[in-house]
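Annotated in Swiss-Prot:
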type     : residues      : note
ACT_SITE : H5            : active site
ACT_SITE : H41           : active site, nucleophile
BINDING  : E25, D27, D85 : Mg(2+) binding site
DISULFID : C45-C51       : disulfide bond
DISULFID : C47-C190      : disulfide bond
CARBOHYD : N250          : N-linked glycosylation site
Amino acid sequence: WIMGHMVNAIAQIDEFVNLGANSIETDVSFDDSANPEYTYHGVPCDCGRTCTKWEYFNEFLKGLRKATTPGDSKYHEKLVLVVFDLKTSSLYDNQASDAGKKLAKSLLQNYWNNGNNGGRAYIVLSIPNLAHYKLIAGFKETLTSEGHPELMDKVGYDFSGNDEIGDVAKTYKKAGVTGHVWQSDGITNCLLRGLDRVRKAVANRDSSNGYINKVYYWTVDKRATTRDALDAGVDGIMTNYPDVIAGVLNESAYKAKFRIASYDDNPWETFKN
């Protein structure tokens with residue numbers, strides 16, 4: 001999965017997919033009442049990027065729905081996965097469940113079109129703080145009470161705080177999550193970060209009793225770092241330059257081993273060689 005980083009304006013969906021992304025990451029900020037409000041990152045952000053592009057969250061969802069609904073004039077067949085980077089650090093811990101409920105309502109109405117031919121992309125809820133694990137239950141309860149528990153088949157999870165792998169595993173246990181797990185590792189492109197924790201995550205993914213289904217690394221803008229991440233065995237790379245990642249995947253060393261994921265590749269299944 002080539003994951004376009006910080007895609008917060010509707011116009012950027014086309015831009016990143018046209019550069020080679022089959023997945024995008026979108027920031028979601030919340031108001032004081034835990035309503036998802038804007039797709040907005042803010043300052044500071046990655047080097048070389050404009051930090052302040054934004055939409056109202058529900059409007060972004062409508063644009064995203066068009067981009068992922070077959071038959072729509074804006075449809076992109078290859079856009080198959082969306083990571084919502086949930087900026088919950090502005091909330092109190094006890095608001096996490098409410099944030100999940102309100103997020104589910106927004107997605108149900110504006111993205112899934114109340115279960116009637118909505119967008120088809122798989123969705124990852126990426127949570128920065130382990131203490132906010134109740135967001136997941138709130139989200140699930142709402143889809144169930146609104147009569148659409150089947151949409152949970154399209155939803156996965158990520159804790160993005162670079163926490164100890166063991167602590168993340170314990171948190172999923174508390175949250176009652178037993179699958180659909182992506183594990184992120186990374187740092188802003190302005191700084192360097194080694195691949196030690198990525199390798200631990202990959203080892204967990206490939207063990208018989210691990211909790212991880214997929215591992216992604218962020219934010220990668222250079223060819224050399226891309227090669228290092230692929231050599232470590234990641235499933236996804238988040239980038240400001242999808243064309244750079246696509247270029248490396250085309251190199252003979254990687255062409256035989258990796259391919260770009262399509263809609264038929266289940267993002268919740270651990271890939272077995």
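For all residues, glycine too, the Cβ spot is worked out from N, Cα and C.
Taking the features listed in Swiss-Prot, we show where each one sits on the structure.
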residue	record	DSSP class
H5	active site	coil
E25	Mg(2+) binding site	strand
H41	active site, nucleophile	coil
C47	disulfide bond	coil
D85	Mg(2+) binding site	strand
C190	disulfide bond	coil
N250	N-linked glycosylation site	coil
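Highlighted in sequence order, H5, M6, V7, N8, T26, V28, H41, V83, F84, K87, S126 have their Cβ within 8 Å of the centre of the Cβ atoms of E25, D27, D85, the residues recorded for Mg(2+), and are not part of that set. A Cα-Cα distance of 30 Å separates C51 (disulfide bond) from the residue listed as 'N-linked glycosylation site'. Rounded to a whole number, the distance between the Cα atoms of E25 (Mg(2+) binding site) and C47 (disulfide bond) is 17 Å. Less than 8 angstroms from the CB of D27 (Mg(2+) binding site) sit M6, N8, T39, Y40, H41, D85, K87, each of them six or more residues away in the same chain. Measuring Cα to Cα from the residue listed as 'active site', none of the recorded positions C45, C190, N250 fall within 10 Å. Under a cutoff of 8 A between CB atoms, and with a sequence separation of 6+ in the same chain, N250 (N-linked glycosylation site) has no neighbours. Annotated pair C45 (disulfide bond) and E25 (Mg(2+) binding site), C-alpha to C-alpha distance, rounded: 14 Å.
Neighbour count (other Cβ atoms within 10 Å of the Cβ, all protein chains): 21 for C45 (disulfide bond). The 10 Å shell around the Cβ of C47 (disulfide bond) contains 12 further Cβ atoms across the protein chains shown. Distance between Cα atoms for E25 (Mg(2+) binding site) and C190 (disulfide bond): 18 Å, as a whole number. Under 8 Å, Cβ to Cβ, and six or more positions away along its own chain, C190 (disulfide bond) finds D46, C47.
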